[in-house]
């Protein structure tokens, strides 16, 4: 791909995201979603590998179907109520259609099948965009219409996402697939609290985006596409691998790391809303994903692969870790003491 095309595509992604999150009219929001879809497809398929082309095709087909559903739900609402305002989504059928459309765009269960396959066929930095930036516009639409959505439906989808995201990630050896199922599991936490506390859902997404970005950037630095490549990277980049372990434990939600904050606040809010069984269920289901985070963390720091031949060990990394990776990793590990202030600001 032409090197000058990448900045144009990234700017288009920023433009599409900005249009969607700042719009009040359904057609403008839909336009932003379409700009995003068209801008990310060349980034997915830029390696010209058959798997990358397949991933781009799958992504295009699912996103096109979801965008058509968004447009159809807004037209149904406009037909019934005469309103094109995003916050005035009052028709029950429109709410159901929009929930399905956004679930497809986000990769929530039961519309999750495309997401791990697309991430597996994408380069690591494109997978980072798909897991974070590309989820922000659809999530914004859900937040703007949260008062009209069905809480029971969202809770069911959230619990199913947390269960399936943890369950399907257990036997994976590819790092991108592990992070795809991690994303599905975290979306479950966001969806379960969305109706009751939209601001807390947004805070959870922000923290998830910070932690996932740190993991993807670390994996990109050590060029680790599967667990065996993570194993061999310890002698080359020991500091980065140790940091990766801490960020993965934070992503798992272990105290005293940043990732514990959203889980703690969500369980607290669900208990206030008298949804203790749902809080207990999603807390127990997070133990499934904890297992594969621990396995990835164990591979990144503790074990070295057996090797019978003599070879020179590389004890020092040739390049220092980049500043963005260091900043994101620090935020992923150290923000828990600031949680009262962060919760008050958000």
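Think of each number as a place in line: the chain as shown, counted from 1.
Each residue, glycine too, has its Cβ placed from N, Cα and C.
Swiss-Prot lists 1-21, 25-45, 60-80, 95-115, 124-144, 149-169, 178-195, 200-219, 242-262, 274-294, 326-346 with the feature transmembrane segment, giving sequence analysis as the kind of evidence.
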Fill in the blank from the handout: Given the transmembrane segment (124-144), its same-chain partners at Cβ distance under 8 Å and 6+ residues beyond its ends are 13, 16-17, 20-21, 29, 32-33, 36, 40, 43-44, 46, 59, 70, 86-87, 98-99, 102, 105-106, 115, 118, 176, 179-180, 183, 187, 190, 194, 198, 201-202, 205, 208-209, 212-213, 216-217, 219-220, 225
Problem - Sequence-remote partners of the transmembrane segment (60-80) [C-beta within less than 8 Å, at least six residues beyond its ends] - result: 26-27, 29-30, 33-34, 37, 41, 88-91, 93-95, 97-98, 100-102, 104-105, 111, 114, 141
Practice task
With pairs restricted to those 6 or more apart in sequence, evaluate whether the transmembrane segment (326-346) and the transmembrane segment (95-115) have 3+ C-beta pairs under 8 Å.
Solution key: no
Problem - Beyond the flanks of the transmembrane segment (242-262) by at least 6 residues, Cβ under 8 Å - result: 182, 189, 200, 203-204, 207-208, 210-212, 214-215, 218-219, 222, 286, 289-290, 293-294, 296-297, 300-301, 321, 329, 331-337, 339, 342
Problem - Segment proximity, the transmembrane segment (274-294) to the transmembrane segment (149-169), 3 or more C-beta pairs under 8 Å - result: yes
Exercise for the section: With a Cβ cut-off under 8 Å, give me the same-chain residues at least six positions beyond the ends of the transmembrane segment (25-45) that come close to it. Expected result: 1, 5-6, 9-10, 12-13, 15-19, 52-53, 55-56, 59-60, 63-64, 67, 70-71, 74, 77-78, 84-86, 105, 118, 121-123, 126, 129-130, 134, 137-138, 141
